[in-house]
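Over in TrEMBL, the protein carries these features:
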ACT_SITE  His275  active site, proton acceptor
DOMAIN    18-114  domain 'O-methyltransferase dimerisation'
DOMAIN    149-352  domain 'O-methyltransferase C-terminal'
Amino acid sequence: MGITKHSEELLQAQLELWHHAFGYVKSMALAVAIDLGIPDAIHRRGGAATLPQILADASLCPSRLHGLRRLMRALTVAGTFTISTTTSSAGGAGAGDEEAVYELTPASRILVTDDGEGLSPVLSLVLNPFRVSPLGMGIGAWFRRSGGDRPDNAAPFAVAHGGRNMWEAAARKPAFNALVNDAMAADSRFLMRIVLRECGAEVFGGVGSLVDVAGGLGGAATAVARAFPEMDCSVLDLPHVVANAPSGGSVRFVAGDMFQSIPPADAVFLKWILHDWGDDECIKILKNCKQAIPSRDRGGKVIIIDMVVGSGSPDAKQLETQVLYDLLIMGINGVERDEQEWKKIFFEAGFKDYKIMPILGVRSIIELYP
């Protein structure tokens, strides 16, 4: 039996809406896989494991096998894992039957944490209910919220958490603070290897001193100091962050506030920082950066790692990821900016020129010159 074109279009439209509406379930499945340690369980089996093996390594009850199969099916269709079959060699009635084997993909391989690397902490922060629920549950109310004639700068996160922004909340909640710090450290381990390998000499070569602003526990600064041992590297961050920083290494930690002042250095490094803040806050931070560095002819510059929406690859998935992250970061009053939006705040902060290097996937390196 055939179907009319009109009905086919209606059903395709329904599919499109359902696909978007169920997108949060895919995120939930990924969060569960990370929470259960499934990438690590498969990694410990040499990169391929059966459902019973995953069940055992994750210390799950045997009665959860059917649920695990459904979870892995969803993650396999999503491309997080791949699946193949093998013939069971176990004794008994099932010997010789085909058994599903789940394998790591490049995406799930960088979620492995057994070697102290991997991006699981970053995804754990992004998917954490404390971080996400104000956007998912309260964004509609936030849009309806009236500030009268005055601008209403209360972000959905702050509205949901007693007026505190994410960093104020982290200062009051040690577990969430640890989650934030672990995520930033994991991202630095992952990304800085690529940055230093692909353009380290171009970006950091010849820099005598560098201050990593809001650099957390120093992962990025330590990587730079290791690659350029002659460079004087320091990290500026809030007192409750610096209190947990490692001591005795090649990086010096300074407790302070980037909105007040930034220690002087040849270069200021802002890795994944400015997208957390609105234009006015970014301009204030950048003005402090400009005061901290020498003139351009003496090598002064600001090095930024952040998204430049629409820059680089024309891949539709990259652009979609950038604009979806923009909606997520809106929950804390942050912004993912395109080049014109960046240019506006750069020039308002008093800088004269900039260069964008779209070589980090969804993110770019921006050099900003006084």
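Including glycine, each Cβ sits where the backbone N, Cα and C put it.
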What are the non-local neighbours of the residue listed as 'active site, proton acceptor', defined as same-chain residues 6+ apart in sequence with CB under 8 A from its CB? Asp306, Met307, Ile329, Gly334, Val335, Glu336, Arg337
For the domain 'O-methyltransferase dimerisation' (18-114), DSSP counts of helix, strand and coil? 52 helix, 17 strand, 28 coil
